[in-house]
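**Q** Can you keep this structure in mind? I'll have questions shortly.
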């Protein structure tokens, strides 16, 4: 699986070094020169992870980090800095950073940290079904053990791919799932983003009273999907 990494780094030579090394490890880079446009860029790309350069006074990077977390984005975010001050580390973590990296860092270690964080994020999407055997939403009930969808006690026929998609959504209620995250969990290639939209549309046709105005599987423009089990 190729990881998409958005790098916020003003130094061209650093960006080139990162691209050279990470590309060999199936990490695709896109770059920004400053954090000022980070939120709008994430809305367009929804990367697997973010590597955010933060140098004194750090206000721009900190504000971008704060806005991303307030907006509900939960991809791993790495703050990279030359500062080893404990206060800078604490502030970064309090604002939602997953890791704080002090320069210099070995590129192999950086690669390992990024891959591990993305794998952990993706794996967490599937934790709930192991804990809960059944999920209720609206007049529906999903039985994970028997792989059945029931509506008012009657079984609704689903293809295996539709059930897998519904299971993923229902296991992560009220959480933004980017297309990259969904494709990764379902074993789909990044190039299949368009076909994912078709799959979601077909699933809505099964469970939504009005697929054009979905209640349960909602599209968040530029961000992905969110499963809303109840409007209450």
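Keep in mind that glycine also has a Cβ here, set from the backbone N, Cα and C atoms.
Just so you know, TrEMBL annotations never went through curation; they're auto-generated.
TrEMBL lists 132-229 with the feature DNA-binding region. The feature domain 'Response regulatory' is assigned by TrEMBL to 4-118. Residues or ranges marked as domain 'OmpR/PhoB-type' in TrEMBL: 132-229.
Are these features on the surface or tucked inside, and what are their neighbours?
**A** The average pLDDT computed over the DNA-binding region (132-229) stands at 86.
Helix first, then strand, then coil: DSSP counts for the domain 'OmpR/PhoB-type' (132-229) stand at 36 helix, 25 strand, 37 coil.
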